[in-house]
Structure formats: C-alpha cells, structure tokens
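K.L.:
To start, I am sharing the structure in question, which I have written as structure tokens.
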Amino acid sequence: SEVSFEEESQKQPAVGHWKPLMPSKGNKEEPEPECQDAGGVDEPQSTEQLNVSRLRSSSVEIREKGSEFLKDELHKAQKELKLKDKECERLSKVREQLEQELEELTASLFEEAHKMVREANTKQAAAEKQLREARGKIDMLQAEVTALKTLVITSTPSSPNRELHPQLQSPSKAGFRKGHGRNKSTSSAMVSAASQNVAAEPVSRECKEVDSILFAEFQAWRESPTLDKSCSFLERIYREDIGPCLDFTKQELSELVRVAVEQNTLTIEPVASQTLPVVKVAAEECSGPKKCALSGLPRTCKHRIMLGDSGNYYYISPSCRARITAVCNFFTYIRYIQQGLVRQDVELMYWEVMRLRREMSLAKLGFYPSEM
C-alpha cells in the first residue's frame, strides 16, 4: 500500500493534507477532520512530522554548539585582552621610568656642564690675573737688572760703586732699603775704622795667598752658580761661617732669621727716637728696645728687624746686627754672581768672597764697630 501511495503522490501532489502542529493563538477552533485517502495517508504525515522534529532538534543542537563555541572564543578573547592590558600597563610603567631617568640625566648633564663652565671661567680669570702680575713682575725685574748691570760694570773690590753698595754711603745719605735694609754694614765700619787709624799707625801691606782647596771649590761653584747649600763651596761656608754667625741664644727666632736671610725677606731699620713709645706686640714680648730679642741680654737696641711681611718687629743689639749684616752682605754678593751681574776675573771674585767671610768670622767672634 505504501508503494502505491508513493506512486500516486508522484503523479498527483497532495493538497490540503498538512495540519498545523500547534493551533494558532487567534484560532481556537478544532481543525476539521480531513478525508483520509485510501491506501494509508496517516503514515506519510507522521513521517513528515518526524522529519520536521528531527530538523528542529538538529538546529537546536547546532545552535547550542555554536553558542558554546562562541562562548569559548569570547572567553579566550577576554583572556588575551587582559594579558594585553597587563602588557600595556607594564610598558607604560617602563616608559614613565625611562622618561624620568632621561629627565634626571638631562638635568645632571646640564648642571655638570654649567659647573664646568663656571670652573673654566674662574680658572681663566685667575690665569689672566697671574699673567698680568707675571708680566708686571717681569717688566720690573728687567728694569732692575738693567739698572744693576749699569752699576756693577764699574764696581770692583778695590773701588766699589757707592750706588751699588749703600753701606758705603754716609749715614745721612743712606736710606731705607727693602730686603736686607741696613744703615751701616760691618764692611763700612771696618773701612771707617781703618781710615781713622791711618795717621796713628804705619801702613802695613797685607799679604795674601790663595788656598788651593777653597779656590777649586769656588771655581766649581762659579761654573754653575747656585744657592743650594748641598754644594761643597756653600756647604763649607754654611758650616764654618753662616751657621755660627747666625747661632743666637733664642734658637727658634735664630732659625726664622736664617730662613729670612736666605729668602732675602729680612728688613733691618734703625729705631727712631719718636717711635720708641709705640712698639708692636713682638717688641713688647721681648721687653722693649732695652733687651735684645736674639741674645736675650739687656742691651740698648738701636735697630730692629722684620721677617718678611709679618709686621712683627724684633729689637736687636749692635752685635747681633753686625752678625746679620755680615751674612746679608755675603748673600747679596753671591746672588749678583749667580745673576751674572759681576763681570770680574775669577780670582778677584774669590778674594771678595774671602773678604766677606772674614767679616762674618769677626762678627761671630763679637767684633763690631762702635757706630753699630
């Protein structure tokens, strides 16, 4: 019967055999019973309904599977988005940190650059100042050298130039001199004493003989003159003359005097009568001009010394002044030789050095003229 039904259905399409599964909301009437064809019309209707229900169930299953798939994809996308947000946050923090470090580095570089510029400007200003001072000193020294050369050319031990040796001038013409300033030296006193005794005693000719050892030491020093006390020439003079001559009772002050003489920063000046009441601290500590600051003995002090630019004065006795003056005369002469200002024969220079050594020897033994 099924076969015959299929053949008939292929020949004539069935019309009006579909029934609604569910009644519509607006139509509550019972459907009219349809005429059933002979040969099993109800079986194809149930088959169609079964196919429709299968289709509906399969579509629901597909929809559910699709929904689950979309939910999984959405969950994965949300996870990836959270990871991206964390990565963006980390990169943002790194960028902020780098920007802060860059700002700090830039600020430190600018500060260091400004500091270097300030230091460079300060050093440049100091260097320019030193250059100006050095040029001024050079000009002054050149003028002094020119003047000294003019004076020394005509100066010899037998006929010294009085302009070059102020100690040979009269007391009224001798003025204050910076450095080893003095009113009268031992050499001038010896000359004046010898001139006074000319009429009383017969003139005796002095005999001289060159000591080979001393002359060899002086010749070696003359080839390369220096003020270094380690050379044999000056070492002997320091040991035999300068050291004993500047060895006073007050050892500490004696050492300061020796250093000032070597550095040419010692000043000796006479004590004027109007300046006696006004004394400085150093003089008061030495009990005033009635006590020698070097020997510590009560003596009438007619001169005072100043060491460098300290401004402190020390009153000294005539004997101490003669000893200091003798050493100053020696240093002045060998400085002239070192600077090339003495143009004499080596033997004449040697005898002048010996004469200055004799002055130091007499002064350290206590001999000094009454005018001191």
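Glycine residues also receive a Cβ, built from the backbone N, Cα and C atoms like all the rest.
Quick paste of what TrEMBL says about this protein:
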type	residues	note
REGION	1-58	region 'Disordered'
COMPBIAS	44-58	compositional bias 'Polar residues'
DOMAIN	65-149	domain 'GDP/GTP exchange factor Sec2 N-terminal'
COILED	67-151	coiled coil
REGION	156-189	region 'Disordered'
COMPBIAS	156-172	compositional bias 'Polar residues'
K.L.:
Limited to the domain 'GDP/GTP exchange factor Sec2 N-terminal' (65-149), I'd like the whole-number average of pLDDT.
P.N.:
88
K.L.:
Could you give me three numbers for the domain 'GDP/GTP exchange factor Sec2 N-terminal' (65-149), the DSSP helix, strand and coil residue counts?
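P.N.:
Across the domain 'GDP/GTP exchange factor Sec2 N-terminal' (65-149), DSSP assigns the residues as follows: 85 helix, 0 strand, 0 coil.
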